[in-house]
Amino acid sequence: MVMSSIIRVVTRVSSSRVVTTCCRRALYSTENKARYYTKKHEWVAVNGDIGTVGISSYAQDALGEVVFVQLPDVGRELTTGEECGALESVKAASEVYTPVSGTVTEKNDTAESTPSLINKSCYEDGWLFRLKLSSPEELKQLMDQTAYDKYLEESH
Amino acid sequence: MLSYRYITRVFCIKQSNVKTLSIQRLYSDNVCKTQKTPLYDLHEKYGGKLVDFAGFLLPIQYADMSVSSSHLFTRNSSSIFDVSHMLQTNVYGNDCISWFESICPVDLKGMADGTSSLTVFLNKNGGIIDDLIVTKVKDDQLYIVSNAGRIDVDKQHMQETSEAFKKNGKDLSIEFLSITQRALIAVQGPKAASVLQPLTNIALKDLMFMSSTVGQVAGVNCRVTRCGYTGEDGVEISIPADKANTVTEALLQSSDVKLAGLGARDSLRLEAGLCLYGNDIDESVTPVEANLTWLIAKRRREEANFPGADIIMRQIKEGVSKRRIGIRIEKGAPARKDAVLKDKEGRDVGKITSGCPSPSLGGNVAMGYVVEQLKKPGTELLVNIRGKDVPCNVSKMPFIPSRYYVKK
């Protein structure tokens, strides 16, 4: 926990990174973007043609403290439902499957080096990867927040 | 999709043919087939995240601590685990020792009253039916604790073998203690004895590792056995079911002890190099292959009259083709059950049987079987994790030194 805050502080002090971080935040922040969910608890939030992917709060809680993160490399082309990474806690392993098709544009290096970020901030700092959507119509197959909440209530 | 493949394998032994178990299944309210332990209400009260383990509702962890924090708390202080799901059995009669020695390779005759031993039920091929702790209460009384995932098999095995024995006019009776009668808790960690001592009339300084006695704990008559499944000092306390709550709450008054769940129990036992039945040992392996040759007592080797003795004695003499070993992965993902082990030339040389990140050491620990020629600690191997070959080393077990309460 101490480690992660140190890393973040250092990132922000480095002046060139501050700009990058701020721009990215403005550009890709999922704060006000609608999230769409899979039945297996991944979410994607879309800005333009870029989707940001993470796991839901329910999933991070079920998995427990994440201690190892493996994410898809930039440039990799993914088809919806494809296995593209893994999260490991002491008690369990879970594969990550992409909720939509596209080409990976970025992965969250901070989450890879500080896996507990996924537990602390699964919708913001703990996102997993971004991809350029190749078939945006796939989003229609996913659940919006209301549908996902209902799904959690009914089936869990 | 998040599939809880590995957790299924580790925690639902009875469903070992089910490869995936979604989160829905783990946390479902549809748990009519699962049994509650006498400490169920206490788990709820303290925020236990309950899962189905071998047909019992048990906490995988508690709300206030992650699995790794709970693991480390056990190593530094102490933890209470509800292990009431395990099968407790009393055996009575003048011939109980000769019966028990006919199904296990242990030297009960040579053991002092009030001492305990790890042993195994063996099939006729020398395969391991279950591993268990047997206590020789006295010449005509035994107390056995065996695995929850093997309750039906163990009961049938004990019943069938004892019936055959009794037909020959032997004096023997078996009493299986049901979960509604009897609870079992494990108090584990360097502070376990200091937490327990103020509550009991048993002099814990005289109760050595692998010995057992009866006494009062928090005013309740209990059996206390100095043993465990973490590599730490500690005890298992067998308690009348209706008093389990009283005893556990009394222990929890100390700030040196917290409740811990199945998650920490699994990572603790792995670091301690202890086998999980159904993963690391089963009916297809012998104690020799499982690197448990020490379970075949000296006297029993001479007599060679336990099940599978011909095969096991030949293996001891001539060697085996595979052996259970420890595996250390310094960096990267943990290897889980069924990950393939390869030599440096890329040939398949074995398989992982269980593994996890190591909270005490960092990196990952695992157990598995490799071909005999590669069993030496330090041997460099590769383990295939999700398609990638990751470097690993054969390691001595336990991965961390055991701290049992033994005479120095």
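Note that Cβ sites are derived from N, Cα and C of the backbone, with glycine treated the same way.
Automated prediction, rather than curation, is the source of TrEMBL annotations.
Taken from TrEMBL, the feature domain 'GCVT N-terminal' applies to B:39-298.
Counting every protein chain shown, the Cβ of B:E236 (substrate binding site) has 25 other Cβ atoms within 10 Å. B:E236 (substrate binding site) carries a strand DSSP state (E or B). What TrEMBL lists as substrate binding site is B:E236.
TrEMBL lists B:322-399 with the feature domain 'Aminomethyltransferase C-terminal'.
As a summary of secondary structure, the domain 'Aminomethyltransferase C-terminal' (B:322-399) carries 3 helix, 43 strand, 32 coil according to DSSP.
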